[in-house]
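Read through the structure below, which is laid out as structure tokens, and then see the notes.
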Amino acid sequence: MAPGRAVAGLLLLAATSLGHPSEGPELAFSEDVLSVFGANRSLSAAQLGRLLERLGAASQQGALDLGQLHFNQCLSAEDIFSLHGFSNVTQITSSNFSAICPAILQQLNFHPCEDLRKHNAKPSLSEVWGYGFLSVTIINLASLLGLILTPLIKKSYFPKILTYFVGLAIGTLFSNAIFQLIPEAFGFNPKIDNYVEKAVAVFGGFYMLFFVERTLKMLLKTYGQNDHTHFRNDDFGSKEKTHQPKTLPLPAVNGVTCYANPAVTEPNGHIHFDTVSVVSLQDGKTEPSSCTCLKGPKLSEIGTIAWMITLCDALHNFIDGLAIGASCTLSLLQGLSTSIAILCEEFPHELGDFVILLNAGMSTRQALLFNFLSACSCYVGLAFGILVGNNFAPNIIFALAGGMFLYISLADMFPEMNDMLREKVTGRQTDFTFFMIQNAGMLTGFTAILLITLYAGDIELQ
């Protein structure tokens, strides 16, 4: 440490002896110094020697146990003036110089500003690209889950698994928006601005209404008298239903629902789809499309819905990559939080896309290829996000991603989570089981993002 700094520390210590503060912030700063270096609010010669070691006037030995301090944050000159009741235009003279000496001495000894700079240090460019590329690669592997999990779709327990992951996606997306992205867009710091409690209240308001609404529906609903039709394997054997064929709904994604007419039923109850009707929820129009799912048709024979889904999904993944890239430039932990939210959302999203592409006329290989190609646009978004985050203020990207996460979680996935139960709930016990699974998924996602936000300063990715 420079000798000039040691001399400054000694001068400050001498200056404090000129005044005898009995109250106010100067007493708190003095107690911080005396509690660490002295005993019983006094300083012996040996203890003064340790203080001199800390200031660099003597060789330093051992580490300090700071304990509980009154002020353990970085204070600017304006902050020190304000704490002592001085305005920014006040001129410090010998009569009031001793009042601010303990504050300056405390800042010199404990270096809170250096800790703040270390905490706010941005990751290196290689770390940003490395962790960003790894995160996007893991997320893109979710596009392959459609092929792996297709055999499980017909299992009785699969709706419960999918319900949990949809709830998990809602919890992580919503929490990431209110805890990370939107506050970052406004320039808030969770350690300084103390917005976390208010963000928890926002989630609490949403969850409370969800819990009350679902509970009332379970208590007041009369099961077995639904206004929609359940399809069983024996339904397709009656003549009446042969003349009036029903339609079987497929998963709804991006505002589009596919309905397949059951033409041939195998003895085990599995249905071959010879035609698919694509119904857009926006205009209500229906387009027939030939479907031969297990062969490789020409691209011109594939339904328009497949290309619309592929393009929309590519744009969606581009924005996801943009958010990950901008988050990684800010901090690796912020990038991890955003990546977790996107990963949880991609699992049910990509699975639904895969099923729709199959029923639009693509073969399994074609659906897998185009689903993966649309997922690769996330790399392009990652590159743009890193470039913007390193050269410009990324706040606008965080605001855009925060709004997108809120829309996907509340306007897209939340209704889907409720609609997917219509054909599965047969009684109050089943309804309660799915309700608990929904709660488990949402609360798991909420807790994960909350813990990352609260302990962001204590977690280091190296």
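Quick reminder: no glycine exception, Cβ is built from N, Cα and C everywhere.
Relative to the membrane, PHE186 and THR453 are recorded by Swiss-Prot on the same side. Looking at 267-272, 285-290, 345-350, the range tied to motif 'XEXPHE-motif' in Swiss-Prot is 345-350. Residue density at ASN88 (N-linked glycosylation site): 8 other Cβ atoms are found within 10 A of its Cβ, drawing on all protein chains shown. Tallying C-beta pairs under 8 angstroms between the transmembrane segment (391-411) and each of 161-181, 192-212, 432-452 places 161-181 first.
Each residue in the motif 'XEXPHE-motif' (345-350) gets a DSSP state, and the totals come to 6 helix, 0 strand, 0 coil.
Within 10 Å of the C-beta atom of ASN40 (N-linked glycosylation site) sit 7 other C-beta atoms, taking all shown protein chains into account.
Cα spacing between ASN40 (N-linked glycosylation site) and ASN88 (N-linked glycosylation site): 35 Å, rounded to the nearest whole number.
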